[in-house]
Amino acid sequence: MTELREGDLLDGRYRIGPLIARGGMSAVHRATDTRLGREVAAKVMDPRFREDEAFRVRFSREARAVAAMSDETLVNVYDQGVDDAGHVFLVMELVEGGTLRELLRERGPMPPHAAVAVLAPVLRALSLAHARGIVHRDIKPENVLIGAGGKVKLADFGLVRAAADASVTSNSVIVGTVGYLSPEQVDGREVTPASDVYAAGVLLFEMLTGRTPFTGDSTLAVALQRLDRDVPPPSDLIDGVPLELDDLVARACARRPADRFADAAEFAAELDRVTAALALPAFRVPAPADSAAARAAAAAGGAAADAAGTTVLPGPGGAAGADPAAGATPVDLPHPDEAGTGILDALGDPDRHTRLDRPRPPLDYDPDGDFAGAGGGDPAPAAGGARPAARPARPAAGRRRSRTGFAIWLILALVGVFAIGIGAWWLGSGRYGEVPSITGMARPAAVAAVDAAGFEPVAGEMYSDEVPAGVVGDASPPAGTRLVRGRPVEVRVSLGRPTVPALPADGSPARYSELLRERTLVERAGEAVYSDEVPEGKVAGAEPEPGRTVAVGSAVTVHLSRGPAPVPVPDLVGMAEADARRVLAEAGLAVAGIERRFDARAGAAEVLGTAPEAGTPMARGSEVGLTVNSGVEVPDVSGMTEERATRALREAGLIVDEVAVAADSTRDAGRVEATSPAAGEVVDPEDPRVVLRVSDRVEVPRLIGRRLRDAREVAERAGLELAVTGDAGDGDTVITQSPRPGRGAHEGDTVTVRTL
């Protein structure tokens, strides 16, 4: 398979014209559709990727998806396929203008109204893609085309994705796009529309400031910075940027995808709001004056003129018949984030290669006129395109002076070439130095070595299994790396082997993950554990345990808390209600409510059951229902007087239904012998009746020594009958009695006496 050359016929239809641009994976030619007679752009894949079947299938699928979209903000896709020679190609609309990259190189940073005028159609194109589930993945100024009429179009919707399988070199597409990668692309995580939002935010930043947010000595260094650094506000780098645009960039370029605009449509809506709030004027974006597309068009026109027999005039120092398109030869332009610029860039037109570390103020972006700082164009041709008049011949006497002048100019030219060579050497390799090897040195010696090599030593630390603590482990960038002198080189002192960090006081999982990463340790999710002290979702423990010394890169299993462990419902049956409440509180449970029910077999106020049942696991703080006996316990009133006993029973919620005589009671008369139900038994509160049994026993009074009539009165007052043995008169004296004094008797019993 051979490379396509100008004049070749692609797929039997497209006549290949001058090369417009070349990337790491494809080349774009101006071409003519011989069937329809229209000019197109033919994008032909690099031979390295033509045999990659997965790439070709993905290329075909995404080409069809983009072809299905139609909008003035999109570069239309006309055709796609593989010709008989094996060339994988894509035929697109030819945009007569240039790229945003070329415009930025010509005019530098944009004023806000110009940047917004470019971004709005870019977001519109992205919105259409996102609505169809397409993620661009390669937003950059090179893919934003500006037509001659000021139309802004977006090209290359992720059609080439084989770069991940190719080696990464300084001229590859990976280098060219690293400045616009989102953190999730660098991390290898899922790419979503939010990734395009991040790149569009970087694009806005670059239009406003003339540079991308992150720079570094290598593509890896540039890529990694976005993982732990925020994109700075554009106004920190250049004057004239409103706060609203700073905020727009900050949200679009948030490190977490969830903190960005969800997709281009949401970004576009906010951009419209900001544009209205700032009252930014409408603006027609100018096409770059000196673009690859314009040079290719000029070359195509020159070739047509040659075919018609037109004589080509030689340029200064050129020969007649030289290729008029030679000056339009495309060059693989390095990305602004690369560590250095090629010699051609360093020695070229300073207006086209403005240094990006200190952006100049935005130039006048008037699309219809010149702008400050722009390079002058070529002189206008003579009217009618006539050849300039020939210079008159010099007199012969002046030829000697001419030779002398020529010699002087030749010497000056040689001196100039030598100076250019020295300058090129300095800009190319002379200003570079090699990072020295400092592993194993003491820190002062390592700092001195880095300083002697022409770099700025910067203190750093590292963990190492081999290098003892306090000794220099290595340098960053590593030894042998070539850097521009004066750049910082980190002198990393070994901290020895890492220890498992202590758990954070607030238990934050994110903070603990950060601590582990700082010590080179790899986090693994362990099983969640119960903890009475650590709230749910916080870090409860780690294995190995905190403080233990481990090897660099060791895995640490992190256990999050599930909160307090569940507790079983205690067995409360038979307990008094008050005791049951105390036991539940000690277990971390609460009483939900109490159901009261009578049970004659249980004691009063005893727990009959729980809901849920005993043994059921419950989370701490849960509520447990109690069923409690509603029965009333009969109090012990024995020995009390009838009146006092009645009052005590009433206070207990009982009613004295009957008072009965307690036969054979040994208690004094009028004292309570017992109750029915007996003391301690439980009475249904629905039927709280109680019977009192009161003693009728009396004490036999002493009648001996009393006159008979007095003895009879005393016996009657005690409720006893008096019987006299033999004849006796009221005045006789009682000499004996039975029962004897002090003995017990019942009312109505008889006391027998004998008198003298």
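First residue shown is number 1, and so on along the chain.
Quick reminder: no glycine exception, Cβ is built from N, Cα and C everywhere.
Some features that TrEMBL has for this protein:
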DOMAIN    14-283  domain 'Protein kinase'
REGION    315-398  region 'Disordered'
COMPBIAS  321-330  compositional bias 'Low complexity'
COMPBIAS  349-363  compositional bias 'Basic and acidic residues'
COMPBIAS  379-396  compositional bias 'Low complexity'
TRANSMEM  406-427  transmembrane segment
DOMAIN    429-495  domain 'PASTA'
DOMAIN    563-627  domain 'PASTA'
DOMAIN    628-696  domain 'PASTA'
DOMAIN    697-756  domain 'PASTA'
REGION    730-756  region 'Disordered'
- Item | Best-contacting stretch, by C-beta pairs under 8 Å, relative to the domain 'PASTA' (429-495) and drawn from 14-283, 563-627, 628-696 | 14-283
- Give, as a single whole number between 0 and 100, the mean pLDDT over the domain 'PASTA' (563-627). 93
- Item | Per-state residue totals over the domain 'PASTA' (697-756) - DSSP helix, strand, coil | 10 helix, 24 strand, 26 coil
